[in-house]
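**Q** This is the structure, below, for whatever I ask next.
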Amino acid sequence: MPVESGSNAAARQAKQKRKSHSLSIRRTNSTEQERSGLQRDMLEGQDSKLPLSLRSNLLDLFSQIEREFENLYIENLELRREIETLNDRLTVDGQNFEGADLAKGALKTKASHSTSQLSQKLKTTYKASTSKIVSSFKATTSRAVCQLVKEYVGHRDGIWDLSVTRTQPVVLGTASADHTAMLWSIETGKCLLKYLGHQGSVNSIKFHPTEQMALTASGDQTAHIWRYMVQLPTPQPVADISQIPCEDDVDFSDKDEADGEVDGPNDCPSVRVATTTLRSHQGVVIAADWLVGGKQVVTASWDRAANLYDVETSELVHSLTGHDQELTHCCTHPTQRLVVTSSRDTTFRLWDFRDPSIHSVNVFQGHTDTVTSAVFTVGDNVVSGSDDRTVKVWDLKNMRSPIATIRTDSAVNRISVSVNQKIIALPHDNRQVRLFDMSGVRLARLPRSNRQGHRRMVCCSAWCEDNNSCNLFTCGFDRQAIGWNINIPALLQEK
């Protein structure tokens, strides 16, 4: 009778093991399919107002979550076994070294130390994995409520920037790639005035702190200062829009709606001539802002320089050079003579003009891609956003490292910070707008679906503290600006 060799026996055992494993997989898959079919039959028999397709999608999502939890549970079991094995080894090592001579004392200490380090590392990993499950079940006691109040439609191209006046009457200003800037009634959504003085895309708009003057930056390599006079129309009754929790936005379709040709407001008065034209840049002027007091302005350009001008004489006071690539944004401090410029060279620079005799500059390298914007807060903070999908909060008194880092899933555009609530609004390339507090805790996400919200990249956000109906505005390349009412409960902000 032939005797089977050891190698052949091992091969046969391995084959049987693979076969039994494949059978178990098929059995598991068939069981899951039967369970899924049974659950769907149960769903069809239950009374619910949700469409069957939506309920089916929810069931699939819950099944995926169940599988993830199952994987985590298996990992936890394996980690527990490893911890028990290490504990057994520690016990055995202690018995072996017990009674040994003193010459081996150092070896015993070293072995025990290394083993305990490994055990501690496994325990830490185990706690981290279990915390994933625990944190998933933490309930939020209060919800942020975001309400879409008004849409401002009339531009013929994407809107790059928007701003709210600091004086009465409070109006919204938008800067568009269609070569125009518009002023809007916040309450009615009606265009009050259109500025037609630029020959290129209008990339930025900012309002004078005390007078009815606007500052616009353009692709025609100039910045314009122009005066405006508007009369607010009588507010119309606002339709009752149901309040939507910010996190409960269900995007039923990712298909973009067709962009129809939007006719600009025909009855909107216009201004065609600037009061002051600021020239000296050799490239696109991408942003501009007023220094505190409104007697000077700063402009940022693709010629890698920022210029400081005197408003009354329109003369160039300083040329701020040093960036290695095109500038993307500039911002001034609300109460001090400080300017921050951001650039495609992955840095932002802080310029100090508080001493009239000399100005200092500090360079900050906190990002790995284009810094799209950096803004001051009322306190002593700077918040910077970047194409590297991060937002960082810095302390002006110690700028060596950020005090908070926010990591997102999409490039961040021109951010803004609420003065009263200190909430950061993050407009993204992926059409989303998210809200965070200054410590980096996420508070909300504005609702977006195929029926409301932006349908293209969101370019900019701006807060308005003096309006009861709308306190946040966003604009994007879908040619519209949107006014939101954001209500963040105090309990949620403290989390």
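Cβ coordinates come from backbone N, Cα and C, glycine included.
These numbers come from a predicted model, not from an experiment.
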**Q** Name the residue range among 62-89, 370-397, 398-425 that TrEMBL annotates as coiled coil.
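**A** That would be 62-89, per the coiled coil entry in TrEMBL.
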**Q** With pairs restricted to those 6 or more apart in sequence, evaluate whether the repeat 'WD' (278-319) and the repeat 'WD' (364-404) have 3+ C-beta pairs under 8 Å.
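**A** Between the repeat 'WD' (278-319) and the repeat 'WD' (364-404), contact is absent.
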**Q** Sort the residues of the repeat 'WD' (364-404) into helix, strand and coil with DSSP and give the three counts.
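**A** Here the numbers are 0 helix, 21 strand, 20 coil.
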**Q** Just to be sure I understand, if DSSP states are collapsed into helix, strand and coil, how many residues of the repeat 'WD' (320-361) fall in each?
**A** 0 helix, 20 strand, 22 coil
**Q** Do you know the mean pLDDT across the repeat 'WD' (278-319)?
**A** 96
**Q** When you scan the chain for residues with a C-beta under 8 Å from the repeat 'WD' (364-404), skipping those not six or more beyond its ends, what do you find?
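**A** Non-local partners: 328-329, 331-335, 338, 340-344, 346-350, 410-417, 419, 422, 424, 426, 436, 438-440.
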